[in-house]
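Chemist: The structure under discussion is supplied below as structure tokens; questions concerning it will follow.
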């Protein structure tokens, strides 16, 4: 899809032209004779202290604020667990959908630097507002009594509004950071040089290391302070870290390579769909790889695609009729009346990804549930560690998901890939779709294990001596909360396969000028899953609370049947896994041997176009 050439802002605001070929960036050599043109300086690792420093503090700030939010809403805002879980799922979904909006604004209007500038400030404001809800007594309801029959007042409308304002700032901030931060860091390296390519690879490794490090630290130290020392102190730490992230980010302002916004590719997608509808009455052409209209603009950003015979109804957008006019260079005079075969194939790439994306979105139901209900399970389990009386905070158990993911990434990269490479002959060991499918399988296994563990926890609570009462919940089971580790570790292994596989899959299968959207669609899938999770929780709660078997999602898990809820979602994941296998068998990778050879040069295309017109 045609867009104007990408430009880089220099620090004195004189733009230097840069052209993207594939995922690479290069200074336009055709402009070297222009004396007033400034050369782009890729400073690489020299600016990484600013970017990785900002990334570290920003992730610590965001995750430190959100990781224990579920417990905060139930213990400080006196919300029921159903209400709190629904808010968390809706909030997470809104953040993930916000990445799509941010990617559009970033590519079309503002560029990555300006988008990130607004986002980091919004994150700080959000963390500060959430801190105020804990520090100012009038911004949260009075604490509930410990007795079972004590009065427990919920939050007022004003308190909810102030809380939602803080969450709104976090939506803007996190939604803007997620699709832009990784790409902005990669922009600082020259992808035409070997050192730049190695720098980009190393930066990706540091990025994911930082993300995991921030999550583990937040789920242990910060959560412990929030749960056992003070919510005010525990929420002050993320706010201070976000302020430091802002300072570090803006300190590197004069050193960054800043890619200007280059226009949205969504117009090209709309053109193909609109023209295909307008020309739906035309008969398909014979040998479409020869007879469909094609044209590559000079310095075209995307890789050239060959013809594929899927979604052939879109081919009609590239059928040239006597009414269609061309400019002198061969470009369509009206792009809303005639599209190129290249445009059509790029739209096909996107349409082919959608069924895979849908299956991957359903997969995230596992991660959504493993980030919420295990916290409630831990609250009604034995969380004591050793004989010293140390109690592990309930939200900290989610760290085992991240630990499982981190450890298995190393095992996958160092052991599984070399082994599978010898067997399959593939550089990656297995295909991207095989990697995603394996993740869906482990996610299903994680939910099945979750069901059996909850059944065991509930049985212990009902048949064996308990350890007291969890405030506003019920009896604490004597089962050790360490039994939650297997289900969370399996979910971490699933993430190591599916999450990273998805990011790489979208990055490689989308057209090059849509890689911001490729990053955002990953998070949008998580958003769909969050909303679906909220819908399932509300539906199951409403359906079962009046049934003879009792409410599956009761406030007191001992009176509920959370195990059946886990098994229900496991069944959905099993059906989704079969669907994914069918779609994977149908899928054709971009640039695969299934594509039909077509013309590569403008001269050949124009010659063929002249024949067609004649």
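Cβ atoms here come from the backbone N, Cα and C positions, even for glycine.
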Chemist: Examine the ranges 11-32, 33-54, 231-252 and name the one recorded by TrEMBL as transmembrane segment.
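Modeler: It is 231-252 that TrEMBL describes as transmembrane segment.
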Chemist: Out of 387-412, 481-500, 521-544, which stretch has the largest tally of CB pairs under 8 angstroms to the transmembrane segment (432-453)?
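Modeler: Going through each listed stretch, the top one turns out to be 481-500.
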Chemist: With the transmembrane segment (160-184) as the reference, which stretch in 84-106, 521-544, 564-582 has the largest tally of C-beta pairs below 8 Å?
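Modeler: The listed stretch sharing the most Cβ pairs with the transmembrane segment (160-184) is 84-106.
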Chemist: Which residues, given as numbers and ranges, are at least 6 beyond the ends of the transmembrane segment (481-500) yet have a Cβ under 8 Å from it?
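Modeler: Answer is 208, 360, 363, 366-367, 370, 374, 377-378, 381-383, 392, 394, 397-398, 400-409, 412, 435-436, 438-443, 445-447, 449-450, 453, 456-457, 522.
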Chemist: Would the transmembrane segment (84-106) count as touching the transmembrane segment (521-544), if touching means at least three Cβ pairs under 8 Å and pairs must be 6 or more apart in sequence?
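Modeler: Taking Cβ pairs at least 6 residues apart, the transmembrane segment (521-544) and the transmembrane segment (84-106) are in contact, with 3 or more under 8 Å.
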Chemist: Any residues 6+ beyond the ends of the transmembrane segment (564-582) with a Cβ under 8 Å from its own?
Modeler: 356, 359-360, 362-363, 365-366, 369, 373, 436-437, 440-441, 443-444, 447-448, 450-451, 454, 536, 540, 552-553
